[in-house]
Every structure is written in structure tokens, then in C-alpha cells.
Amino acid sequence: TSESQGTKQHVSTLSLTTLFRVYQTTDDKHHFETSWILPPVILASLRGLISLYIFTSIFIFWGWYGTHDNLSSIGRSFSYFTWLSYWGIGFYMLFAAIHTACYARTGRSALFDRWPRAFRVLHSLLYVTVTTYPFLVKAVFWAVIFTPPWPTKTFNGWQNVSQHGLNSVYVLLEIILPATAPHPFIAIPFLLFILLLYHCIAYITHETEGWYRYSFLDAGSHGQKSKLVVAYCFGILAAVLVFFVISCALVQLRCRLTHGRNMRARRDPLRAHDAFIGFVGRDEQSNEMKTVSGLEAAMGRFSSSGGNCLVR
């Protein structure tokens, strides 16, 4: 019996929910729904506005394609990693805004508490992707794909800024402002697997439509560029690992500077508890400062008396 219990405990420690740091049935930390500096209502509004801008810009892009004899580009957009990443940011901001708004209204994780813990795992993985992939998109576009000069058409310039410039701004806001915990390293295999899936999509698109979405994936008609393609793939693999580490380090730095503080909703039952702990901490710190000041004064008198403790 003890062996079976030990085996069950060992298996539970290796579950995805544990590896993604989703331990409890209910979410009382509210990392994804709170900020260390913004109230939940403002955080939800900011995320909602970013999501609204992303989806609005996407439909404007599609409208432009449809009215300028480029209707096929709408379907082809789903074969670009840039577009898929842009969609991912939009959906994450939408989901995060809904979760944060529900928390601001009820004081608890209304949706996370009802759903299985697997949904929190998926939300955590989605957060890792939207704080890692946009950096990769930005680096590959400006270092490999973009060729000067800057587009003369205002529409093309706006699209480039939205998808290859503002995307990293959204990522930095999502890294700096919320009270999210550092990335779990178990997310790395999933990041690489998603890139592998996209690699398959790129070559399926080539087989069905006869052209590559990104020229650096073209190995040539007889494979003469295969070594170059392999080098590009390993370079992208290394880049995504580097950006994952950078993103994780920035989150850890923010957690260290803010001491894990978060602004809870008014109806959160733990808000009063956090306020009490903060008050006690400040009171203890004040007492420690008074004690240190008293010791410094005593040492000063001791030194001025020449070390004679009997001198008054």
C-alpha cells in the first residue's frame, strides 16, 4: 500500500499541472489577473484595448486586400508565422481581459475555478508563447526578411509597424505590468514543437501552392541549399531559446523588484490579509530601524568615553 501511494505521489509530481506550477484546484494567487501597479479594472481595460486594436487592424488589412484585387492574400496569411503570432497575441489579450474583468468583478478567478486545471496550464503556455515568439518574429523580419527602403505606401508601413514593431511593445507590457510568475521551463519543449508544426505547415503550403512563405526555407529544386536551410532552422531554434531565457529573466527581475506584490480586487477575500501582512512588515521594519538607531547611539557614547563603559 505504501509503495502504491509512493508511486501515485511520484506520478502526480510529474504531471503537467505540477510542472506548470498549477498546484491547487482554485486559483488564489491570481498571477494572470492582477498587476503589481495597476488595479484589476485598469489592467483588464488595457488588455481589452490591445486585443481590440489587433483584431481591428487584422480586419482592416483583410478589407484592404479584398478591395485592391488581392483577395487571395487573406487565405495565404494563415501560412505566415507573423500572422499566426499576431493572432496569438490578440487572443491572449482577449482571454486575459475576460479573466481579469471577471476577477475584478467577483474577487476570485470565476472561470479558472470552474474549469479543470488543464485550462490554466494552457493559459500559462499561451502566456509563454506570446512573450517569446513576437521577439523571434521581430528579429527574423528585421534581420533576414526586410529589405530597404521603407514602404512608400502608408498602409504597408502601418502594417509593418503593427505586426513587426508594436508586437514587441505588447510583449513588454505583458512582461512588466502583470504579477505573473516566471516561465516554467517545461514550456520549452512545447515552444520547439509548435515551431516544428509550423515548419510542416510551410512545406505543406509549398506542396499545395508551389511557393515558400519564407525564402530561407527554400532548399532548391535539387536540394542544393539544404545545408543553408538547416543552418537557418538551427539559428531560429537557438534564437527562440535565447528569447525564452530573456523573457523569463525579465519576469524574474520584475518579481524581485516588486517582491511578488499584486493589487487585489476589492472583493478578494485575501485583500485584507495582504494589507495586514504589509502593515505588520512595515511596523517590524520600523522597530528594527529604531533598534539599530539605538545601538548606533550607544556605540557612539561608548566610543566617545574612550571605551570606559562606567562613564556616564
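Every residue gets a Cβ built from N, Cα and C, even glycine.
Now, the feature entries from TrEMBL:
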TRANSMEM  41-64  transmembrane segment
TRANSMEM  84-104  transmembrane segment
TRANSMEM  125-145  transmembrane segment
TRANSMEM  188-206  transmembrane segment
TRANSMEM  229-253  transmembrane segment
Chain residues in Cβ proximity to the transmembrane segment (125-145) (below 8 Å; excluding those fewer than six residues from its ends, i.e. six or more beyond): 20, 32, 81-82, 85, 88-89, 91-92, 95, 163-165, 167-168, 170-171, 174-175, 180, 183-184, 187, 190-191, 194, 214, 216, 236, 239-240, 243-244, 246-247, 251
In the same chain, residues at least 6 away from the ends of the transmembrane segment (41-64) whose Cβ sits under 8 Å of its Cβ atoms read 33-35, 70, 74, 77, 86-87, 89-91, 93-94, 96-97, 100-101, 104, 155, 159, 162, 170, 173, 177-178
